[in-house]
Amino acid sequence: MAVNWPGLLSLCVFYMMILAMGIWASRKSKREEKKCTGNRSEVTMVGGRNLNIWVSICTMTATWVGGGYILGNAEVVYDPTKGLVWATGPLAFFMNLVLGALFFVKPIRSKNYVTLMDPFQEKYGDKVAAVLFIPALLGDILWVACILGALGGTISVVMDISSALAVCVSAAVAIVYTLMGGLYAVAYTDVVQLSLMLVGLWLCVPFILANPSSANITVAAVTKLHQEPWLGSLELEEAGRWVDDLLLLAIGGICYQAFYQRVLSTATDAQSKLTCYVAAVLCPILAIPSLIIGAAAASTNWNETSYGSPGPYQQGKAGMILPIALQHLCPFYVSLIGM
């Protein structure tokens, strides 16, 4: 497979657009910094505690709805050993944001903290806070690795470009606009990325469902056609693992610094709670396109597509099923938008 030059061009345009938005946001950040009466680092870290409510909702949602979430939902539904019943992410993220709003927004905002570590440092001292910082740092590193891994895998599948190169370039773009504009740059680029994700994936869904190689997904949900039904099953002896997966995501996210960064960036407690509640609703909604794509992939006779046989699961590429479906079940230019 040769390098996908139109796809590479579209990716360059996307990165330029994101970088331009980051530069614009950095200028806004500098204007806000001049108005800030408190610590100027608050503008960088928490947007001067005055982030627009709509931007706040978008950046909170985009914090959870990333590449790992989108690709992971499609993978679980497509995987014949799992299925939709094992797609705990949307429910877990809903629970996470609701729990955060109910129990953690008011305490963390009450003393104008800047990071998750601040209350621990205040109560237990620097040494304990330094130790607690280690798992927080590891969590961030692994989360970033998940997102960049999803990105690199997607680009390598769709464009036949080295995933390492894609990861390096993407990380460099993100680092540049974050250094320039802090939370403002991250938040406003999140708005653009979330909008493109919503429009791009929904645009691809009807083309994937209409592909002649894909069977009716409602039939394939409960009937074995090309593989096991994509609804999946949950046996009694697996219930403990299912609950563990759910709670790992639902409660683990409460320890995530990026969550508190968004919570602390709004002007009032009410706005912070509203941000969490709206994001809690949006996270499952934004999972729907990837769940449908996973179901369609599970209903597809891959031998009839340009992908050929054996199918993605047999080749160990279930984790990349979403970009594979975009590439082989959509018209070329539609797949570029989805990618």
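Each Cβ is built from the backbone N, Cα and C atoms, and glycine gets one as well.
Because TrEMBL annotations are produced automatically, they should be read as predictions rather than curated entries.
Residues or ranges marked as transmembrane segment in TrEMBL: 6-25, 51-72, 84-108, 128-151, 157-179, 246-264, 276-298, 318-338.
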The transmembrane segment (84-108) vs the transmembrane segment (246-264): three or more C-beta pairs under 8 Å (separation of 6 or more)? yes
Other same-chain positions with a Cβ less than 8 Å from the transmembrane segment (276-298) and lying at least 6 residues past its termini are 57, 60-61, 64-65, 69-71, 73-78, 80, 84, 87, 89-91, 93-94, 96-98, 100-101, 105, 194, 197-198, 201-202, 204-205, 208-209, 211, 214, 217, 220-221, 226-228, 230, 263, 312, 321-322, 324-326, 329
Near the transmembrane segment (51-72), which residues from the same chain, at least 6 beyond its ends, have a CB less than 8 A from one of its CBs? 89, 93, 96-97, 143, 146-151, 153-154, 183-184, 186-188, 190-191, 193-194, 197, 201, 253, 258-259, 262, 265-267, 271, 274-276, 278-279, 282-283, 286-287, 290, 319-323
Would you mind listing the long-range same-chain contacts of the transmembrane segment (6-25), meaning Cβ under 8 Å and 6+ residues beyond its ends? 155, 158-159, 161, 169-170, 173, 176-178, 180-181, 184-185, 187-189, 192-193, 196, 332-333, 336, 339
